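In what follows, a structure is listed as structure tokens, so that the remarks can point back to it.
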Amino acid sequence: MMESCNCIEPQWPADELLMKYQYISDFFIALAYFSIPLELIYFVKKSAVFPYRWVLVQFGAFIVLCGATHLINLWTFSMHSRTVEVVMTSAKVLTAAVSCVTALMLVHIIPDLLSVKTRELFLKNKAAELDREMGLIRTQEETGRHVRMLTHEIRSTLDRHTILKTTLVELGRTLALEECALWMPTRTGLELQLSYTLHQQNPVGYTVPIHLPVINQVFSSNRAVKISPNSPVARIRPLAGKYMPGEVVAVRVPLLHLSNFQINDWPELSTKRYALMVLMLPSDSARQWHVHELELVEVVADQVAVALSHAAILEESMRARDLLMEQNVALDLARREAETAIRARNDFLAVMNHEMRTPMHAIIALSSLLQETELTPEQRLMVETIMKSSNLLATLINDVLDLSRLEDGSLQLDDETFNLHALFREVLNLIKPVASVKKLHLTLNLAPDLPEVAVGDEKRLMQIILNIVGNAVKFSKGGTISITSFVAKAEYLRDAKTPEFFPVPSDTHFYLRVQVKDSGSGISPQDLPKLFTKFAQNQARLAARSSSGSGLGLAICKRFVNLMDGYIWIESEGLGKGCTATFIVKLGIPEQLKESKFLVLPKVPGNHVHANLAGLKVLVMDDNSVSRAVTKGLLLHLGCDVTTVSSSSECLHAVSEEQKVVFMDICLPGMDGYEVAVQIRERFAKRHERPLIVALTGHVDKMTKENCMRVGMDGVILKPVSLDKMRTVLSDLLKHRVSFEAI
Amino acid sequence: MEVALMQRRLEDYTKSLFMEGLLDAQFLQLQQLQDDSNPEFVREVVSLFFEDSQKLLNDLTSALDQQIVDFRKVDSYVHQLKGSSSSIGAQRVKNTCIVFRTFCEEQNAEGCVRCLQQVKQEYYLVKTRLETLYRLEQQVVAAGGSIPAVEFNSF
């Protein structure tokens, strides 16, 4: 009985050899199929970037299943059980499934994979481009570095030649040039002259006219321009060798001047002068001018221009400084010469002063003595002429000497008290004889407020008045000469005729104004300004005068008047209409102190001050109760008999002959202590009856002191008063009748 | 012994018034003027000063209270006060018056008011101190002692 086996019989009969080959092949296929995924996995694990791992997994699965299929096939060559068949079938089914899925997947994946490739290509291109750009930047940076270095070299010197030489050398080095040359415009501006070259030590004065087309082309643009090697500016050396000459580039170098730097103007527009820089590449190389090299050349040209202008400025300033030094030296020399001259003149004058005056004195003295002797009328006439001439000569000498001293500024005015009225009277006396001879009528008008006494230089003031009056007499033939004199008030002083003269009267000075009017020959308007000039003579007056003067008189007057802080001027309505001479001078007001100096009281017996003060009747006027009490206490302590009042009316009531001293407080506003003092003075006309008036004040200045003196007070004391001070003041008062503290 | 102690206290107190600048040498002058013929001289002058100053301060206060300040009047009051205080030697009062006057010249009402305050302060200060001084002197005299004369160069 045949058991029904579940075996499956192969379709074909088994052929031993063929089957063996199939068997082996299947085995190897399986082996391959198993090892491939392993290899794949191994390499994928190694490379981290592969993005499609799961695809590989699928692929791996597919391969493994294929391998499994082939492996299982090995069992199907002989009799095999149903299980094997089932396993085989399932394996095949699985394999089919996986392979289909994989095939479907690959449809999507393969395009992606391809695009990866394109992206890679793209990136590679980009990288190549960046590389190129890097190369470019690097070259530019190199260029920049070269330029900076060049600039630094050029600008590190202020010497023109060094700048230009350095430029050429550095450019030649940086760009590896064969020749580098600089053509500068000549003075005329019509030619360019070869000034500097790189390789030739002393370039011959080779010139080309400036208006060549190639030069114009270069000058008209601020870029570096390629020119032909055959142009005149590029043919510096004879062509050596058979090689092609290298490319030549020329660029303009603006020659900037200081005046070219306008604020709103760029130098390129305003400058007209250029130099030409020519650069030649080596002739045996195939080099060409690159853009960055041209740029470098342009930049350098600009820098050179700036450096040159700096050098030019420096040269100019050094020239100016040298000039100034020369001038200084010359001025110094001139000054020293002038000083020597002045010294020489002063020495001369000093000598001549003495030398000239001595014989003059002799002449004058002896001739006056001669006049005293017995003389015949003719002899007398002769002697009188001698006297007159020598007097004139003496005056002339004095004038000249005075004037030179005045001009030097070495003349000092005297400052003494003198009687003003007496001065005028003396002038009148001196002039009267001459005036009466010429039948001139003299009048003198002194203002009532003219002080009797003044402080100043009496002699010179007299000289001024005499000179002016003398001139008036000299140039009049008849009529009246009037002399008026008064104190110039402030309104008067702002005369329209004296615009530059602004005198300010003060408490110590007053301005004396003297006017001399004559009806003589007058002066024409054009001569008026020359009057005070030395040695200038007035033509009309020349004709009119009978005796010649030196022409110095008015000049000297003017100098003296100026020294006295004054002003002098002459007015005339024209020829024949007479003239008026006016001058204003500053004189001092004498201190009243001097008056009281002259009074001497009989000597008071006993030296002990206390005794003098005992019982002394004193009046104190002060409206401040406290200070009144204090002053009273002080005086009581000193033994005085004190009466106190607190107002000016009370004071005037209480004051009597018995009071010897009146102390009054003057610094209170509203109460005029000065007024009281004046009234007291008026009341007691006789000096010895009058009580001494002393002012008490809290603040002292020169003004207060002078005011007190002016109203006739005898003393000023600063409050608060100490015992000792009061004692001293009182004893001073009684001794000298005056006590003004040194303030 | 008490007398000596009191005298010592009086001396120190007087010195302090000078050191603080409340009084100056003028006050010493006043003290020198006091003698047997005029025993209460200082006291009298000081009382006069107090009366005068009080009146002046009142006048000043009312003058500065006005709507429109009459600076001339104010200046005259201050001048008076300055005179009195300098006569008596009240140094700080006098100095404040000097400053006061400059404000009056500038017609600066605010400054004047401020100065018035300051003057009042100084015045009351010196018044109190002088009154204390007087009391101390009375104590010494009552205890049978004499008032020591203060030399200016003893400090």
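Placement of Cβ uses the backbone N, Cα and C atoms for every residue, glycine included.
Just so you know, TrEMBL annotations are computer predictions that nobody has curated.
Straight from TrEMBL, the features:
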- A:21-42: transmembrane segment (TRANSMEM)
- A:54-73: transmembrane segment (TRANSMEM)
- A:Cys66, A:His70: Cu cation binding site (BINDING)
- A:93-114: transmembrane segment (TRANSMEM)
- A:351-591: domain 'Histidine kinase' (DOMAIN)
- A:Asn471, A:Ala472, A:Val473, A:Lys474, A:Asp518, A:Lys534, A:Ser550, A:Leu554: ADP binding site (BINDING)
- A:617-734: domain 'Response regulatory' (DOMAIN)
- A:Asp665: 4-aspartylphosphate (MOD_RES)
- A:Lys719: ubiquitin cross-link (CROSSLNK)
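Cα-Cα distance from A:Asn471 (ADP binding site) to A:His70 (Cu cation binding site): 162 Å (rounded to the nearest whole number). The candidate set comprises the recorded positions A:Asp518, A:Asp665. Of these, A:Asp518 has the most other Cβ atoms within 10 Å.
With DSSP states grouped into helix (H, G, I), strand (E, B) and coil, the domain 'Response regulatory' (A:617-734) comes out at 53 helix, 25 strand, 40 coil. For the recorded site, A:Asp518 (ADP binding site), the DSSP three-state label reads strand. Summarising the environment of A:Asn471 (ADP binding site), the number of other Cβ atoms within 10 Å of its Cβ, over all protein chains shown, is 23.
Each residue contributes its Cα atom, and for A:Asp518 (ADP binding site) and A:Asp665 (4-aspartylphosphate) these two points are 54 Å apart. Here the Cα atom of A:Val473 (ADP binding site) is found 57 Å from that of A:Asp665 (4-aspartylphosphate). Taking 8 Å as the upper bound (exclusive) on CB-CB distance to chain B, the recorded positions A:Cys66, A:His70, A:Asn471, A:Lys474, A:Asp518, A:Lys719 give A:Lys719 in sequence order. Each residue contributes its Cα atom, and for A:Leu554 (ADP binding site) and the residue listed as 'ubiquitin cross-link' these two points are 54 Å apart. Using a 10 angstroms CA-CA radius around A:Cys66 (Cu cation binding site), none of the recorded positions in A:Ala472, A:Lys474, A:Asp665, A:Lys719 qualify. Same-chain residues lying 6 or more positions outside the transmembrane segment (A:21-42) and placing a CB less than 8 Å from one of its CB atoms are 56, 59-60, 63-64, 66-68, 70-71, 73-74, 77.
Separating the Cα atoms of A:Lys719 (ubiquitin cross-link) and A:Lys474 (ADP binding site) is a whole-number distance of 62 Å.
Residue environment of A:Val473 (ADP binding site) contains 20 other Cβ atoms, counted within 10 Å of its Cβ in all protein chains.
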